[in-house]
Amino acid sequence: MGNTVAREDFEWVYTDQPHADRRKEILAKHPEIKALMKPDYNLIWVVVLMVLAQLTAFYLVKDLDWKWVVFWAYVFGSCISHSMTLAIHEISHNSAFGNSKAMWNRWFGIFANLPLGLPYSISFKRYHMDHHRYLGGDGIDVDIPTNFEGWFFCTRFRKFIWIVLQPFFYAIRPLCINPKPITRLEIINLLAQLAFDVAIYYLWGVKSIFYMLAGSVLGLGLHPISGHFIAEHYMFLKGHETYSYYGPLNLLTFNVGYHNEHHDFPNIPGKSLPLVKKIAAEYYDNLPQYNSWIKVLYDFVMDDTISPYSRMKRQLKGEVKQD
């Protein structure tokens, strides 16, 4: 089971997040980075191909034995589903069509959401912008676990269960920390998703639906790619709030591992973040970094000094503007 960790609260800090100041420094020294602040139109075709791949998979699993439906849901469906959530992350930053066509990005996000089975895209956009503006902000940033999560998931076994249940906590945490009124676009996202799910059930049956939903839940839970949830901001080293990962799974995740670079320049698509690191190497090479998300998951469970409490948290000052 492991021993209860020593940490009993979050790491409260009284400084601003580091990303805005570093962005100013880097742009002053490397103004050529501004040329990378443009849409990634290739993202459109990648997302379309991913949706078509999942539609093909829905058809192919409809007559398989249940054991093979489960197998392919974890081996293939989970990878595509988790990758699609990170495509939606890119779209939430208007990376597909650019800031001048913000609504095109919202509609495209709803389309990308379809093979996940559950409405996600529009709500994610609203909360994710808060995460960037108010990183670690108490009562605003829903990427921060609740006090219950920090208090209860404090042994090795419980931390393992917490990783398995991550999709559940990411879904309910906003309702506990920072509930927002439902918008028209969220209703459209929900209705489009329900219509799609009903169509898949009508065309190909319950196994296709199970494959779709199981792939999403499994892909966001105990899965190598899910290491990015913990790798990005959990404080393995005191004083370091954001961490980058430079391993091969960036190929499946639109370079979300380049997380310091992403928070410094959220308007640069994931495709170009390796160039940011290369241009401004003196700012990034010496920061703490990872090369294995699997090791991050293992260390999180086995290190008794790390828990859901291992996050920097700050009281926000001044006016707070939310989407």
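Note: Cβ is positioned from N, Cα and C throughout, glycine not excepted.
Over in TrEMBL, the protein carries these features:
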type	residues	note
DOMAIN	5-43	domain 'Sphingolipid delta4-desaturase N-terminal'
TRANSMEM	43-61	transmembrane segment
TRANSMEM	68-87	transmembrane segment
TRANSMEM	107-124	transmembrane segment
TRANSMEM	187-204	transmembrane segment
TRANSMEM	210-231	transmembrane segment
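Ranked by number of Cβ pairs under 8 Å to the transmembrane segment (68-87), the listed stretches 43-61, 107-124, 187-204, 210-231 are led by 210-231. The residues of the domain 'Sphingolipid delta4-desaturase N-terminal' (5-43), classed with DSSP into helix (H, G, I), strand (E, B) and coil, number 19 helix, 2 strand, 18 coil.
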